[in-house]
Structure formats: C-alpha cells, structure tokens
Amino acid sequence: MSLMKNILATSALSLSLGLASLASAQDYQPDPNAKPGGNIIVTYKDDVATLDPAIGYDWQNWSMIKSVFDGLMDYVPGTTELRPGLAESYEISDDGTTFTFKLRQGVKFHNGREMTAEDVKYSLDRVTTPATQSPGAGFFGSIKGYDAMADGSATSLEGVTVVDPYTVKIELSRPDATFLHVMALNFASVVPKEAVDEYGTDFGKHPVGTGAFKLADWTIGQQLVLQKNADYWRSGVPYLDSITFEVGQEPIVALLRLQKGEVDVPGDGIPPAKFNEVMGNPDEAKQVVVGGQLHTGYITLNVEMAPFDKVEVRQAINMAINKDRIVQMINGRATPATQPLPPSMPGYTKDYAGYPFDPAKAKEMLAEAGLPDGFETELYVMNTDPNPRIAQAIQQDLAAIGVKADIKALAQANVIEAGGTPKTAPMIWSGGMAWIADFPDPSNFYGPILGCAGAVEGGWNWSWYCNKDLDAMATEADSITDPAKQDERLQKWSDVYMKVMEDAPWVPVFNENRYTMKSTRMGGADALYVDPVSIPVNYDYVYVTE
Amino acid sequence: MLAYLIRRLIQAALILLGVSFITFFLLFVLPADPVRQIAGRSATPETVANIRHQLGLDQPFVVQYWRYLTGLFQGDMGRSYLQKTEVATLIAARLPATLLLMLGAIVAELIMGLTLGIVAAIRRGGALDQSLMITSFVAVSAPQFVVGLLLLYVFAVKLSWFPIGGYGSFSNLVLPALTLGIMGSGWYSRMMRSSMIDVLRSDYIRTARAKGLRRFRVLALHAMPNAILPIIAMIGIDIGIFMSGIVVVESVFGWPGIGQLAWQAIQRVDIPIIMGVTLVSACAIVLGNLLADLITPFIDPRIKLR
Amino acid sequence: MTDATLAEGPARPQSALRRLLRRKLAILGMAIIAIVTLGAIFAPWIAPFAPQDQMFDGLTLEGAPMPPGEKFWLGTDLLGRDLFSRILYGARTSLIIGVVANGLALIIGTLIGVTAGYFRGWIGAVLMRFTDLMMAFPALLLAICLAAIFTPSLWIVAMVIALVNWVQTARVVYTETSALAEREFVAAEKTLGAGTARILFRHILPHLVPMIIVWGTLGISTTVLLEATLSYLGVGVQPPTPSWGNIIFENQTYFQAAPWLVFIPGAAILLLALSFNLVGDALRDVLDPTQRGRE
C-alpha cells in the first residue's frame, strides 16, 4: 500500500486562492463560536524531517513550522493577504529599497526570553550563511550583502541593522516587490540564538520559537505532539490544547480511521482509489473542503536539444497533449492548464485559451518543420505513482502525431540531476517535483524555472529556455514596488508569461485542486481547511466542537 | 574455539569494510547530486558550490571515503543531508521496529514451518503430506508484496480482524510478521519434514516405541527436540533474507522501520542514511551467519569448526 | 548451506528424464511453464488488444478502471488498457529476464566457483572472500542502488539481477569443484601431464552439469520474484513495457476497489515461480540426490 499518497504534491508547500493585495488587507475575524480546548489527530505517511524553519521545506512540516515559529510578516488566515506578524508595523522608503520594521514588544520565545531586534538579525544571518545549508537562502538574494554571505566572505548581512531593541532596518540592493512575501516565508522565522547554540544541528528536533504551539513530544518515525503556547502573543488563539501528528500512516488507513472517528485530518488527503466513493456519498462529501492550489503540472521541452530547438515543434507538442484525458485519469482532481500561472495566481491571463488540443494540426506543423515522420525522444519522469501513468498517457498522445517518446522513470534525485545537466533530458514531466508556489506572486513561477538564471548546470530551468528580453521585463516588473502601481506590475507579468507561451518551452498540463477531509467535530471556517499557506490546515485557528 | 572466533570476527570486519567501500563507490557514481536536494531550487551556483565544499563532496573519491571511514571508526555515521539529524539517532529510533518485525517473522515462520513439517512427516506419503509439501512450495514462490496485499485485503479490509496498518500493538504486528515469515515457513516445513523422518527412523525412537511409550510422548519428548535442533541453526541465515524483505514489507504495511528509512533516503540520495542502513544490515547478516556457524557444532557434533 | 558430499558422477540423461516424467508435480510445473511460454510467444495473436493501447472506453467517466467483463476479459487498468493483454505481454518480460538474468548469474557463478575451487591459492581466497562480501549485502538494497545508477531497461534489469544473484551458485560450485579437484582421478591426470583445460572440461565441468541444471531451474524462480519486486518498487523495467510487477505497482492504489488488478498479476508471478521451483526440486531429486536442503 505504499505510494498511495497523493504524490501530485509532495516535498513542497503550496498556496492557494485569493488575490494578494496589500491595500485591502483586513485581518481575520476570529470565530465567535470557537471553543478552546481539545486535541486533534493529524496523520501523515512520511516522517517529519525537521522543524528547523531554515531547513524544513516539505509538504508536512511547512505548516507545523508555521505554528511553532513566527516571522515579521504573516498572512491573514485562510487567505493570501499579507498582515504584520512579529512586526507591529513597517515602513517602506520611496525608492522601495529600505524596509523599517517596528517589532511587537513583550513577545516571548518558548524558553521565556523576550524576542528583540537582535534575534531578527541573527535569524536572517543564520538562514543566509552557507553553513546552515538552508534550501531557502536564495529567497533573500535582494538583501544588501547577500552575495558576501553566499560566498562566505561575510558572517553577517550588511543590509540588516538593529536600530534599537524593537526596530530593524533592512536595506535591499535592488527594489524587490516580493520582499514582504519573502519575510513571511518560514525561512524568515525568528529563532533564539541560545537555543540554536545549545542544540546545534539538532535544533530541528528541539525547536524553540514564538509560535502558537510548542513541541511537547517527538518519537521519531511514530508521532509528534504540539502543545498550546499559553503565552502566545496573539490573544485568544490557538483554540486547541494540543495536536498529535501520527506519521507512517498510509492515506487509506488514515481515511478509514477518519470514518471510524479516530482521526481528525488525514494530512495526505483522500487516496485516489477512495476519491469517487467519498465524493459520491453526500454525508462524507460534506466533510470535504475543496480549494484551488497554486500549482501547475507541466512538461519541459529542452530548447537546446533538436528538434525542440524549433519553436514549431514545441508548439506542435503543445497541441498534441490531451489534457482532459489526463485530468480524467487523476479522478478529475485538477483543471486543464493553459499557461504557466495557475488561475488563482495574480497576473493570470483570463482571456487566454492556450493551445487547442488538435493532433491533426500538430502533425501538420511537424511536417512543416521538416519532420513529417515525427522523431524519437525521451520523457523523464519521477518513479512514484501516478507520475509514470501520466507519462504513459503523454506518450500515447505523442505517438498519435508520430513522436516516439521513451519513458525514463527514475528516482526524484536522478530526474532533477538529468534536468539540470545540459542536453540530457529532452522532455520532463514535472509531477512530484515542482512547481508549487512558495508565495502567491507571479514572479515565483519565473526566476528559477523559466529565467536565464535557472538555465545553468544544476539549475531548475529544465527547458533551458533563456530569453534575455523577458528577463529584463521580469526585473522591470519586480522593481515596481509602489502598491498603487500593482495592476501595472501584474500586467507586465501577464505579458511575460504570454511571451513564454508563444515560445512554448513548456506544455502546461493541469492545475491541481485541493481536497481536505476533516472529522465532523472540527469547527472553523472552510477557508482554514484549504488555507493557502498552512497546509493542510491552519492549526492556530481551527477548533473542535466536542 | 577462541582462535576460530577471533579469525571469524576479523573476517567479518573485513567483509564490512568491503561492503562499505562498494556501497560508497556505488553512491559516488550514482547520477544524482545530493547537493541539489539540499540547496533547493532557489539556490545560486555559489551556494551550491559552497555546500558541496562543506560536505567535502568536491573531494576525490578516495578522500571522501577515507573521511567517512575515519568517522565510522570514531563511532560517527555522519548526519543526514536533508534532515540534519545524526544517522545513528535515526537508525536507533527505527531499529526496534525492524527487530520486532523480524522477531515476529521468526516466530511466525517457526510455528508455521515446524507444524507443517511435523504433520507431513507423521503422515508421510499420504495425501496430506503431498498437499502440505505443495503448500510449502507455494510459500517459497509467493512474492512478498502480493502476500502482504492479499493478507491486508482479506484479513484487514474484508474481515476487519486486524488493523490495516500502523504500529504499536500486537494486532499491528501479526500481518507484517506473517508476510515476512511466510517464505521461511516454506523452507522450514521441508527441512522439518526430512529431519523428522530421519529421527523417526533412528534406533532410539524405535527403542522408545518398543518400550511401549505412547506415540504422542515419543513424538513430543524425543523426536521433535532432536529434529528441531538442526533447524535452529538456520535462523541466523534468515537475517539476510529478512533484510531484503523489510524494504517491501515495511512499505506495504507502513511499518516504521529501517527499510522505509532506506527507501525514502534512496529517493532523495541522502547518502549518509543509505550508507548507515546498508552497513547495519550487513552487520546483522554477517553476525547471523556467524551465529549459525557457531551453533551448528553444538547441535551436530559431526561438524567441526574450521 | 548444504554439506555437499560428492556427486557420484552424472546420472544418465535418458533415465533421468524418465524418472522426472514419473513425478506429477514436475509435470504440472512443466505444463504451466509451457503454457506461459506459448502465451508469451504468441501474445500478438492471442491478445485481444495491444498492451499499450489506452482505450477511451477502458475507463469510466470518473477515471475508474473497468471490471472483468465481455469486452475486457480481465478488466482494464488505471490507464484504460486491457489487463489480459498486458498479462500476456508481461509474461515475455518475466521469462526473458528469468532466463537471461539467471543465465548470466549462472555463468558468473560457475566461472568464479570453478576458478576458486580448482586453482585455490590466493586466487581462490580472493574470489571466495569477495563472494562472502557479496553475501553480506542486503540484496534488494544493492539491486535498487544498481538500478538507480544504470537507467533501468529490460536488459539492465536482467544485468542487475545477475549481479546480485550469482553468489549462491558460486559457493555451491566452489564446494563441488574443490572436492572434485582433490579426487584421485584428477590427481592421476595431473601426474600424467594433462593440461588444465583438459581436466576442467573433461572431468570437472561434466560433473557439475547436473548441479548447474538444478540451480539454473530453481534460480529462475528467484529471478522472476526479484524482477517482480523491483518493478513493484518502481525501479524495474520501464513503462509502458508490461511486467507483472509493474502492473501491480501502477494499480495498487486501487487494490481495494479493484482487487483483480493486483491479484491476477500476483497469481501469475506466483504460478510461474512455483512451476520453476517444482521442476527444479524434481530435477534435484532425479539428477543429484545428494543435494538437499535449502539454497
């Protein structure tokens, strides 16, 4: 029964729904019916790797870290709207390169010490220093002095200054419209130096933060218990006394236990084989909350390898894939995609229909490109279900226009290696590896996966598509930091992705939807159960009714 | 005896050294880069290079291996690349589950195998003997993942006699232990049968019978113990078969042991974990073989240690 | 772990075959093997559909597979392909890998075993210590690592399995050869000045043949199981080539709703492995009555 997990989305976090707009930010109104107390049980198949906010980048630990730690910025629960977190307020200079954060006073770490500006600086230094080996270090690239940290010539970020114990000033080396989102990432969480020093590399197993919950017990490979932080600085929350995460539980087991009332939230979702059954039963369907997800599943076409160096060939491939059939194969849990951005992402181009499914036209275009008999190629794919199946559906579609694609189903690490090695993988199906947004901003889908910066050895731009003009446009868009010019910025991003579609280095295949199932005793707004930031559930705000 | 033991232990150490070398080499030539897994998708080439340097992965193979080996001799198995936790801690946390599963499997295979073997020997040549021996062939020919899924389907899903997965109580252990033990039970039933037949033919059993002892007493007190002894020595050998089996069985039942740890590590090239689990498994296999060889002479005095 | 005593010389082939044919189980095994082989060879004529053909009416509108029925005798898989056709073609994978991988393993094992057993000295010591080393590897982990290094194709999987499976053969051949090498007639030949090649091919190898036949047959069963396991873990032969193991891998998420997708290929693996075991066991009794016990 292994591999039953909903692997469409692993090893990453995801965000969903809602348009981020700073101007309209309105904080969450706590539920008047909420009752404090109680324990819930959440299950996962895979072990929790770490709770170190600088390291954790998995599908399960992302939301746990969110509940144990806080950053300067945060999101309104259930939305993608930014709100201040540990920062009480912030100011942005006119040129958009200096951010001054005023910290809340009296916020205490789980060890009892008060959090100050020194901790903010320490935490940013820690996450960017190469010794920490944080997978999120690159997000802080716009902070002044980042490069010196990355190459090891500095031990502290030049751009981060402690003005007084409750004020931090962060200077950027270039305007970065996404910076506040970056400060809301787990990687920007504030950690106490003394606890990191005490546990060293094992800090991830002994986390100390300022969050709504603290770690109470951790039996590796079995369970992890988070306990309410009674001194939490946001008043009234969390409602739950504790949360028990049980790991090593198959999704199917978790679902059966939920039906018996033993589990409150199966963290890996509803297993495919049970999906139709659950959704067909009105009582059980009521327990399911459906939401969008900032996810796109795509095929990369390596523009450095013949015949994908010809744009006609790439366009033909785009027209050959029967996306509806692939969506049917995964029980309709996704929507066919037209472009790199998912529909709920700001900057999504609504009136763009994408390439039509038209095998006859595709065959014609191949003939015009001098390949009337098609060609042979390879399709790389991660070897966990359902990805090899999706690859076989793609393979059949390609065969219909005369393209013979051999499938290479490999371990995740081997596919990533092949993708980042020049002229190795002509086509890659992205399922199981990428791309789920880190934060709800269109720039997040460009840089590493479509921009020139990622089209290098070891990079994540597996189509090796590098368009200098688009890179310039992207930089231009991200230097528009004025909230009043948001629409102009989003339009620029929309243009970038439309140009990408003309050059067709990708075949966008589908955008996944999210289905969270919960026990009948769980309370709180539906939005908390498809929270774009805390997956599967925003633990700080949900409650139990009995 | 002592000299023999020392020689065998030295041999065992050399074997483990060889295993570590070959595994390290295989992971070195593996076309997948652990640094890319660590650095994440937003990393710059400088960050990647820096992490590579910190982990010493930019060193030649010999240097890397030597470092690993010196660490190992100081009792340091390294830290997981992705979890940052010490490999020893991770393995220690999961080893009890694996050992419990193996113990369960040994009990299961002995109970099933010996019972079948004894019954077949007593009814030698009859229809029951024939069908039991076919059963034993089926047991050794059945793929573990199919047996596991079948047991799950019948006893957990359809009959609800046992939980579908999980860990912690006796009822959780039954199905995985049966799955892991079923292959061995096939071998043991055949060995037990021939061993029993030999014993039943022997003079002292005939004497006992002639003395008028009851059939059951003869079987239970004289024949069985003598027939079982040679089989006990084989248990050590099972470790090797189990070490392959756990990867599949733990994954089918969601059992939190080192098999799952290894499988997840292989997916993401977490080399220190793969090395650690391989070495611990190899250690267990070598010790199991050694134990088997040490026990044999006590059971069968005709065999001498060389 | 056998205490191999000396074979009393190879049994006469005709009488061996006659004795084999007197065993019902062996005949049953051979019959199953024959049926599977014929099915594999004539798959293109027998199979109602192409094995990789994903049919529109092979899935329900919700994307669930079809149960066994009139059009699809054994139902369809999660891609809407005919399961019966895939099982037939899957037999090819199992048999090819069973024969090729096991053949390779036998060759490697025999070469190493004979060399070590006949020449003794440091060559023998080195080879046998290497064999011990290979015995200490958790076989499945080794196979998974090897499969990750070489992108698995049908032939690579065969090679990987051979690299893992030759060890048992080498040990048995070694024991046998070293015993033979000490016997008087070999010593006599040596004093008469016979060349190494002559002794090996005239005296040693013929004595090994029955044992190799037995091991070769039993080994196919192990090989079939190992291939199925690798494919089940997703590191075996590449899709869309059907293999009984990867049929289960692809469909096991549905094993509660559509158990036939798991248990029909499962039964196929079991039957084939069982048949080779039955035949191998009978051969052992007939050709080589001294070889007893496990592995």
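Each Cβ is built from the backbone N, Cα and C atoms, and glycine gets one as well.
Marked as transmembrane segment by TrEMBL: B:12-32 (among others).
Look at TrEMBL and you will find B:95-296 tagged as domain 'ABC transmembrane type-1'.
Long-range Cβ contacts of the transmembrane segment (B:99-122) within its own chain (Cβ-Cβ under 8 Å, at least 6 residues beyond either end) map to 128-129, 132-133, 135-136, 173-174, 176-178, 180-197, 200, 219, 224, 227-228, 231, 235, 238-239, 242, 245-246, 249-250, 255, 257. For B:99-122 (among others), the entry in TrEMBL reads transmembrane segment.
Residues 113, 116, 161-162, 164-165, 175-176, 178-180, 182-183, 185-187, 189-190, 245, 248-249, 252-253 of the same chain, all 6+ positions outside the transmembrane segment (B:134-155), place their C-beta atoms under 8 angstroms from a C-beta of that stretch. Per TrEMBL, transmembrane segment is recorded for B:134-155 (among others).
Beyond the ends of the transmembrane segment (B:167-188), by six or more residues, the same chain brings 97, 100-102, 104-110, 112-114, 116-117, 135-142, 144, 147-148, 151-152, 155-156, 231, 234, 238, 241-242, 245-246, 249-250, 252-256 to within a C-beta distance below 8 angstroms of the stretch. Marked as transmembrane segment by TrEMBL: B:167-188 (among others).
What TrEMBL lists as transmembrane segment is B:227-253 (among others). Same-chain residues lying 6+ beyond the ends of the transmembrane segment (B:227-253) with a Cβ under 8 Å from its Cβ atoms: 98, 101-102, 105-106, 109-110, 114, 118, 121, 144-145, 148-149, 152, 165, 175-176, 179-180, 183-184, 187-188, 191-192, 195-196, 198-199, 259-260, 262-263, 281, 284-285, 287-293, 295-296, 299-300.
TrEMBL lists B:273-296 (among others) with the feature transmembrane segment.
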* **Intrachain neighbours beyond the transmembrane segment (B:12-32), with Cβ under 8 angstroms and 6 or more residues off its ends** => 61, 64-65, 68-69, 72, 269, 271, 274-275, 278-279, 282-283, 286-287, 290
